[in-house]
Ligand code: NAD
Ligand code: MG
C-alpha cells in the first residue's frame, strides 16, 4: 500500500489519478485531496477514495465542504496556508496537479519533505525548476514527470550516460489550429481553442496546446528535468499523439515511448514507480492506428514557440515572466477580453516591459511573477481601452 496526496484533485489530471486509484483501491491510501473552489466535487471524490483530509483554497467554501462531509470523519482545512501545510504531511507519493504558478508553493514544500513527487504542474518547474530540484536533492525526494512527453523521455533516457544523448525531441499534437492560417486564427473562439483534437484536458492547458505555448513551456520543463541544454531540445509535430517523445543517442538510435493518448499511463508510471501497474488506459492497437505522421513545427504561425525558446536561452526571470503573462493572457482570452493572437503578443510585450528581475530565491520568483502579472494586466487593459 502507498500513501498518496493529490494537489488539484478536481482537475483533469487529478481525476485521472483518482480513476487509477479506484481501479485498484487496495494499493493506495489517500491522505489529502485539494481543490481550488469546487467543494461539492472535492467532497464526492474524498468519499469515493476514502481520503483522510481535504483542503479547499477558497475559504468561502469551507462551510459547504464541512457540511458535505459531516459525519464522515474527513478532516477539512481551507485557505492557501492550509494548502501549503498539507504538503508537509508525510506521504509516499505526492501528485502535483494544480494548474499554473499557484502550484509552486505546495510543490516546493513537498519536494522539501521527500518521497515521490509525481509532477504534472509544469508551470512550477518553469518558474522555479532549480529551487525544486535543489529541495529534492536535499530531502532525497524523487521527482518524476507526469507530463506525457517528459514521462516518455524519462522512460528511455540513459541517466548514467547523459553525454551519449544527442538530443531529445518533444512531440506536439499541433493542437486544433495546426493547419490554420494566421489570418483565420485571429477570430477563433475559446470554444474552438479548448476543443483539443486528441487529449481531453483542463481549459488552460488546452489553450496552451492551441497556441503551442504548452510545447514552449515543455521545452523549459525538459531543460529542468533532464541533464541537457537548450540547443539539444527539438520539437516535432505528430498529430496522432501516439509517440510521446524521442531520445536520440550519438550512435543514431532513436528511442521512444508509445501508447494511446491517455494520461492514466504516465500518471501510473510515476505513482507506482519503479513498479508498473495495470491501468484502465486503452492499449495501443498499431494496426488500427496504422499511420504515424510527423511534420515541422511552424514558429511563424505559432510565435509562442519562439518566445519560449528565447526565454529558456535568456534564463533568469524570463521563464517566470513568460509563464505569468501567459496565464494572464489565457484567462483574458477565455473571458473573451482579448483575441487568440493577442496571447503570444501580450507575452512578448510583457517580457519586453518587465525586462530582467532577480529570480534566484523563492521570494524573488514570487515577486517577479506578481510584477509580470500586473504589467501584463496593465498592457491588456490599455488594449481594451483602445479597442
Ligand atoms: P485543470 O484545470 O483540469 O485542474 C486544475 C486543478 O488545480 C483543479 O483541481 C483546481 O481546483 C486546482 N487549482 C486551479 N487553480 C488553483 C489555485 N489558484 N490554487 C489551488 N488550486 C488550484 O488542470 P489539468 O488539465 O488537470 O492540469 C493540471 C496541471 O497538469 C497543469 O500544470 C497542466 O499543464 C499539467 N498537465 C495536464 C495534462 C492533462 O492531460 N490535463 C497533461 C500534461 C500536463
Ligand atoms: Mg505534455
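Cβ atoms here come from the backbone N, Cα and C positions, even for glycine.
Small disclaimer: the values here were computed from a predicted structure and weren't measured.
According to TrEMBL, the feature NADPH binding site maps to 10, 11, 12, 13, 38, 121, 123, 202. All protein chains included, residue 202 (NADPH binding site) registers 18 other Cβ atoms within 10 Å of its own Cβ.
Positions annotated as 1-deoxy-D-xylulose 5-phosphate binding site by TrEMBL: 122, 148, 149, 173, 196, 209, 214, 215, 218. With a cut-off of 8 Å between CB atoms and residues at least 6 apart in sequence, the same chain places 172, 175, 205, 208 near residue 214 (1-deoxy-D-xylulose 5-phosphate binding site), listed in sequence order.
Positions annotated as Mn(2+) binding site by TrEMBL: 147, 149, 218. When secondary structure is read from DSSP and collapsed to three states, residue 218 (1-deoxy-D-xylulose 5-phosphate binding site) falls in the helix class.
The domain '1-deoxy-D-xylulose 5-phosphate reductoisomerase N-terminal' feature in TrEMBL is assigned to 4-129. With DSSP classes pooled into helix, strand and coil, the tally for the domain '1-deoxy-D-xylulose 5-phosphate reductoisomerase N-terminal' (4-129) is 64 helix, 28 strand, 34 coil.
The annotation domain '1-deoxy-D-xylulose 5-phosphate reductoisomerase C-terminal' is assigned in TrEMBL to 143-226.
Summed and averaged per residue, pLDDT over the domain 'DXP reductoisomerase C-terminal' (258-374) gives 97. As annotated by TrEMBL, domain 'DXP reductoisomerase C-terminal' applies to 258-374.
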Cβ neighbour count within 10 Å of residue 123 (NADPH binding site): 28
In sequence order, those binding-site residues of 12, 121, 196, 218 whose CB lies under 6 Å from ligand 1: 12, 121
Binding-site residues whose CB lies under 6 angstroms from ligand 2, from 10, 38, 122, 147, 149, 196: 147, 149
Counts by DSSP class (helix H/G/I, strand E/B, coil) across the domain '1-deoxy-D-xylulose 5-phosphate reductoisomerase C-terminal' (143-226): 43 helix, 11 strand, 30 coil
Spatial neighbours of residue 13 (NADPH binding site) that are distant in sequence (at least 6 apart) but have CB under 8 A: 95, 97, 120, 146, 202, 263, 267
Sparsest-packed of the listed binding-site residues (122, 196) - C-beta count within 10 angstroms: 196
